[in-house]
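Contents: one structure, followed by commentary.
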Amino acid sequence: MPKRKDIKTILVIGSGPIIIGQAAEFDYAGTQACLSLREEGYEVILVNSNPATIMTDKEIADKVYIEPLTVEFLSKIIRKEKPDALLPTLGGQVALNLAVSLHESGILDECGVEILGTKLTSIKQAEDRELFRDLMNELNEPVPDSAIVHTLEEAENFVKEIDYPVIVRPAFTMGGTGGGICYNEEDLHEIVPNGLNYSPVHQCLLEKSIAGYKEIEYEVMRDSNDTAIVVCNMENIDPVGIHTGDSIVVAPSQTLTDREHHMLRDVSLKIIRALKIEGGCNVQIALDPNSFKYYIIEVNPRVSRSSALASKATGYPIAKIAAKIAVGMTLDEIINPVTKSSYACFEPAIDYVVTKIPRFPFDKFGDGDRYLGTQMKATGEVMAIGRTLEESLLKAIRSLEYGVHHLGLPNGEEFSLEKIIKRIKLAGDERLFFIGEALRRDVSIEEIHEYTKIDLFFLNKMKNIIDLEHLLKDNKGNIELLRKVKTFGFSDRVIAHRWEMTEPEITELRHKHNIRPVYKMVDTCAAEFDSNTPYFYSTYEFENESTRSDKEKIVVLGSGPIRIGQGIEFDYATVHAIMAIKKLGYEAIVINNNPETVSTDFSISDKLYFEPLTQEDVMEILDLEKPLGVVVQFGGQTAINLADKLVKNGIQILGSSLDSIDTAEDRDRFEKLLIGLKIPQPLGKTAFDVETALKNANEIGYPVLVRPSYVLGGRAMEIVYNDEDLTKYMEKAVHINPDHPVLIDRYLIGKEIEVDAISDGENTFIPGIMEHIERAGVHSGDSISIYPPQSLSEKEIETLIDYTKKLASGLEVKGLINIQYVVSKGEIYVLEVNPRASRTVPFLSKVTGVPVANIAMQCILGKKLKDLGFTKDIADIGNFVSVKVPVFSFQKLKNVDTTLGPEMKSTGEVIGTDVNLQKALYKGLTAAGIKIKDYGRVLFTIDDKNKEAALNLAKGFSDVGFSILTTEGTGIYFEEYGLKVKKVGKIDNSDYSVLDAIQNGDVDIVINTTTKGKSSEKDGFRIRRKATEYGVICFTSLDTANALLRVIESMSFRVQTL
């Protein structure tokens, strides 16, 4: 069926900020879909709230709205634009839920907007747990014994019938939000109310646990002709019970018999047909390992995390084709963009193994609950491709950037066998590595299977790796064995360790005996059709399919998996750098390993290598491609950390030199530079050990800010108030990196300012200066940023421009530089300088209209700012205000403290833009998920040093009609100054404690500032966690709470007597 001619404009809803469970895969899907629809001649209107996305670039859609994803704002846009149709299946759960809400609000009927692709009835049937269960019963497809509950009492009644354990799955949520496995009554009482709270329809499915079954996924496509195909089948190495986003996944499935595969394939196609889904869909099935018995777990009637993985694993662009199906085209008339000769109705075939491993945030949150269950905890993922499962698995492991390079932990020998077994039984994020350690201690695969229910096939493959390790140890220098272990994915680093040699010695030995990787093409068809996809992976075989062209080449290093501190912003910068390189006529080559991102879409660059970002893997590609140079500025700390290794191997780093990077990071060199430039910085010193740290801190004077050098996202950064805390910190930090000292700075209380600038080696241009709402001490990535700054004087702005130009010139920057300043007592100090892309690049690009990364890349390649039209020091400011608001995923991470400080904790960001600060903040806070009400109840629980500032804040809330609740000490202080409050009792020794108030829904906002002391049992910690778990807004910075108050004041009218 040809595409529809009766519709001209299509509204596409994006997925909003990155949170755990919904990451960059939707930027990739949305970008593909928008371009695909425009290719067919439709006008595309895009709405998303996340500035750090390629899909919100003006080039991707005809009209782009960066506005909050709420019914209120979407209704305004629909009334203004009057689109013919809405496409909701490419923006994850957020877009699906919004489509349902928009339909129910009546706006779609009012404006005559049709929902494209999968119909609303099908979405509801797949998402509503009750309707889905009824459909499966109708189709005679088995689902676990289950009940739909709307109250805790209903849940208790169901458990009496079937007994524990039960799995709780809230309706219309993603990433397992609010769900979990209940083993007893205590779990049930915690998880069910939580799940009901997070479900927008206040509904949970309780089902008999089938944990331990194999979890198999089928990624399927269907068109309006009822043609349906399987794009990819995937197998979770971790069995049912661990969320698929937290599982290690392989494609194609490895342990299914032909009969099992065809049985589950047929079931998946039957379900997608019954649901009448038009587009992509993910079917999750639980298979009994000992029989042909299976259960349907769930269906996602949309593009998902799994579809991004399936697209990258097979090369089949699911989102692009789903968009064409949505406008009426059929699979047999859509050309496969990879082969350019076959049609999209041909099922992809793959002749390699793909492994996906999730990336967890527990290097940031050491105190977090690492147990994995049905609620997702990973922030990102890596993917690797190999010809054997062992090769694919080991390549994925070394892509993770945990400091782990193999199947085991760096300090594995320090663990007792008892501890290892305990960690295997507890399904945590490090279980894979503990399995490696157990195999090294000769624990049998049968015993490990008993603890984990991981299939013996996978455990056997892991045992192969350990057996080869032992062989290496016993056969030092054996060249044939060297050749063999390379085909199984062993890195030179691991071989060097086993042979007691250095990594360069192993590399040299390999090259001498011509043991080099070849590069194979990912072509969707296992070489059945001619294909010229520029998408490659390495393996140790014979025929190389990546031929070097004669064109001058530039290699861009990507930023690897998404994690806290290094998010999608760096992928955004990478994609813009690639576009600039292509525009200037060079061949753009990307090396990256993140399956969720736009940079790993093979149609973006001239060549894509899907490889680990390690010295060995990158150098082999560079040896083959022989580029003019490598760009490390846009790949975050991942790429920066490779710079010195590449330079030692004779590779040219383009843009700011290694020396510039080192000067900015090395305390002594940087201090000398600042003295020479006459730019002040807070008093600071360095230390390698506890003794020196204590001496230096006492000379500087507490409080001090301590951090390791060469880190991103404020990792391991703290404000320390005394010797005892500093001693604890040093013991932990020295463990973080023994090669670089700990930096100790005087902590200045003041206004934090952030500046991004572009330099061409001679001149410097500043796209924008941003002011943070939270004072210095809160990590810049967790602060609300305002552009343009609202409280800086003309003189301060002139000083900031002057310092920025001097620093760019002094560091000989070519490309981007990010500088953080603090304004304290009238003086401007430099806090930190990074000669690379920062996480504010997308935000500034969107609000100023300056394509920051693109211009920077052109400067790196020799263009001059004045020739590109940038002749001023700073960009002109428009007549609007924009705010960047951080978004957190605390509800998914148990036991993580929500207090904001110098270590970054946010996973994503949104933007709010309007004519004044209050309106911009309203939009930004709303987009971040904060429901702003003009009345309610605020709970204050404040430490002594903040009580005075909190009093003014409480008075402000009281003036606009909020009731003030307090804990005892705070209440007494507020009452002394005439403020009327209601006091709630202390934790554990009161009939109505502060925790009861939160749990009973008697509090709308919590404002809590911390008392010093790190124990998780501290009252403040328990208050903050309770607020997070019950979905109550919790502010730990008075500055952020004050910003909310300003918004509420602008919405309200004060009432007062004469």
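Including glycine, each Cβ sits where the backbone N, Cα and C put it.
Site annotation for ATP 1 in Swiss-Prot covers ARG129, ARG169, GLY175, GLY176, LYS208, ILE210, GLU215, GLY241, ILE242, HIS243, GLU298, and the matching candidate from GLN254, GLN284 is GLN284. Site annotation (Swiss-Prot): ATP 2 is bound by ARG707, ARG746, LEU748, GLU752, GLY777, VAL778, HIS779, SER780, GLU832, and the candidate from GLN681, GLN820 recorded at this site is GLN820. Within its own chain, GLN284 (ATP 1 binding site) has GLU215, ILE216, GLU217, THR244, ILE296, ILE297, GLU298, VAL299, ASN300 as residues 6 or more apart in sequence whose C-beta sits under 8 angstroms from its own. In the three-state DSSP reading, GLY777 (ATP 2 binding site) counts as coil.
In the structure as shown, the Cβ atom of ILE242 (ATP 1 binding site) sits within 10 Å of 25 other Cβ atoms. Shown are the binding-site residues GLU215, GLU832; the one with the most C-beta atoms within 10 angstroms of its own C-beta is GLU215. Residue pair LYS208 (ATP 1 binding site) / HIS779 (ATP 2 binding site) shows a Cα separation of 44 Å.
In terms of DSSP secondary structure, the region 'Oligomerization domain' (402-546) contains 76 helix, 11 strand, 58 coil. Closest in space to GLY175 (ATP 1 binding site), of the binding-site residues given as LEU748, HIS779, ASN834, is HIS779, taking the CA atom of each residue. Put simply, ARG129 (ATP 1 binding site) is 48 Å from ARG707 (ATP 2 binding site) when counted between their Cα atoms. GLU832 (Mn(2+) 3 binding site) has its Cα within 10 Å of the Cα of these binding-site residues: GLN820, taken from ARG129, ILE242, LEU748, GLY777, HIS779, GLN820. GLN820 (ATP 2 binding site) has ASN834 as its nearest neighbour among the binding-site residues ARG129, ILE242, ASN834, going by CA to CA distance. Largest CA to CA distance in the ATP 1 binding set (ARG129, ARG169, GLY175, GLY176, LYS208, ILE210, GLU215, GLY241, ILE242, HIS243, GLN284, GLU298): 20 Å, whole number. Here the region 'Carboxyphosphate synthetic domain' (1-401) has a mean pLDDT of 92 out of 100.
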